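Right, one structure below, let's go through it.
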Amino acid sequence: MGCTVSAEDKAAAERSKMIDKNLREDGEKAAREVKLLLLGAGESGKSTIVKQMKIIHEDGYSEEECRQYRAVVYSNTIQSIMAIVKAMGNLQIDFADPQRADDARQLFALSCAAEEQGMLPEDLSGVIRRLWADHGVQACFGRSREYQLNDSAAYYLNDLERIAQSDYIPTQQDVLRTRVKTTGIVETHFTFKDLHFKMFDVGGQRSERKKWIHCFEGVTAIIFCVALSAYDLVLAEDEEMNRMHESMKLFDSICNNKWFTDTSIILFLNKKDLFEEKITQSPLTICFPEYTGANKYDEAASYIQSKFEDLNKRKDTKEIYTHFTCATDTKNVQFVFDAVTDVIIKNNLKDCGLF
């Protein structure tokens with residue numbers, strides 16, 4: 001009897017080859033689909049990272065889209081100066097020029113209608129300009145850790161002349177600096193290095209967290225954002241709770257969650273620019289009384305990094321990938337995200353048995 005291969009055997013071998021090919025293709029397709037979850041406490045920079053993805057990977061904001069942010073820029077600017085002026089009363093700081101008290105009254109009288117209309121009328125921009133130039137207002141701004149103030153306050157107020165122009169169109173940087181509280185889940189899609197990313201930005205305030213849970217299934221990596229500059233601030237929603245401590249508590253619960261045993265965890269220690277400005281004026285012992293190092297950027301930032309990384313209870317099997325970031329700096333985010341993507345590619349290929 002010869003060793004001829006029957007037609008059935010040949011067909012079976014072909015089928016088997018085809019199944020293997022399909023499995024491999026499915027594996028490669030799965031390895032190319034990346035589900036990224038952006039987590040972190042409120043105001044840690046998650047939404048700014050999402051905006052950067054649009055700028056870096058999707059041609060940025062069109063002129064029309066930038067125009068739509070004009071009302072948000074005005075609202076952020078008005079809210080910022082109002083927060084400072086209100087805080088002056090609580091902190092018992094007087095205006096350097098008593099005439100500014102009239103401007104403060106004007107500010108509160110005009111701001112409501114301006115915000116509703118998404119405008120910055122000339123009389124209101126004049127009021128804001130005079131208030132912002134007052135030494136008493138500047139002294140109060142210098143104590144902003146004692147009340148709630150947007151990070152972008154000085155950015156907009158210092159540039160009032162430009163944004164108050166009647167033909168003003170926000171720049172990409174203006175858009176990046178806007179602050180709108182994220183409620184619910186914002187999903188962004190983009191392609192980079194032959195990977196198809198789905199990025200989910202989840203509201204960070206406590207009231208938002210119960211909405212996170214169903215997002216977790218099948219997630220490739222978590223980017224956890226921490227505002228380095230929040231070490232001397234309290235929460236907007238709980239004035240007893242230090243923001244950095246809240247962030248550590250949340251990171252602990254995410255990093256050691258049984259659901260995320262196989263999920264890459266990437267830690268963005270964000271707002272490094274604000275932290276560098278602040279650390280020489282406001283000691284780290286406000287947040288960590290046991291800290292004995294210098295109030296210098298490198299030493300203090302390394303200490304915070306070790307505090308977060310030490311929360312990882314599975315150091316032997318789980319690595320935390322830490323990066324220092326400035327979410328409003330496009331080049332920095334581009335550089336960091338490139339490194340993050342390489343880690344994801346490597347881990348993905350490993351999971352699919354292709355590495």
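In case you wondered, yes, glycine gets a Cβ from its N, Cα and C as well.
Keep in mind that what you see is a predicted model, and the values were worked out from it rather than measured.
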Feature region 'G4 motif' in Swiss-Prot, mapped to one of the ranges 210-217, 250-257, 266-273, 298-305: 266-273
Region 'G2 motif' range according to Swiss-Prot, out of 12-20, 111-119, 174-182: 174-182
Region 'G5 motif' per Swiss-Prot - which of 133-138, 241-246, 289-294, 325-330: 325-330
Residue pair S44 (GTP binding site), T182 (Mg(2+) binding site) - Cα distance, angstrom, rounded: 11
Pairwise Cα distance for V180 (GTP binding site)/S47 (Mg(2+) binding site) [Å, integer]: 9
Neighbouring C-beta atoms (10 Å sphere around the C-beta of T182 (Mg(2+) binding site)): 19
Helix, strand and coil counts within the region 'G4 motif' (266-273) (DSSP): 2 helix, 5 strand, 1 coil
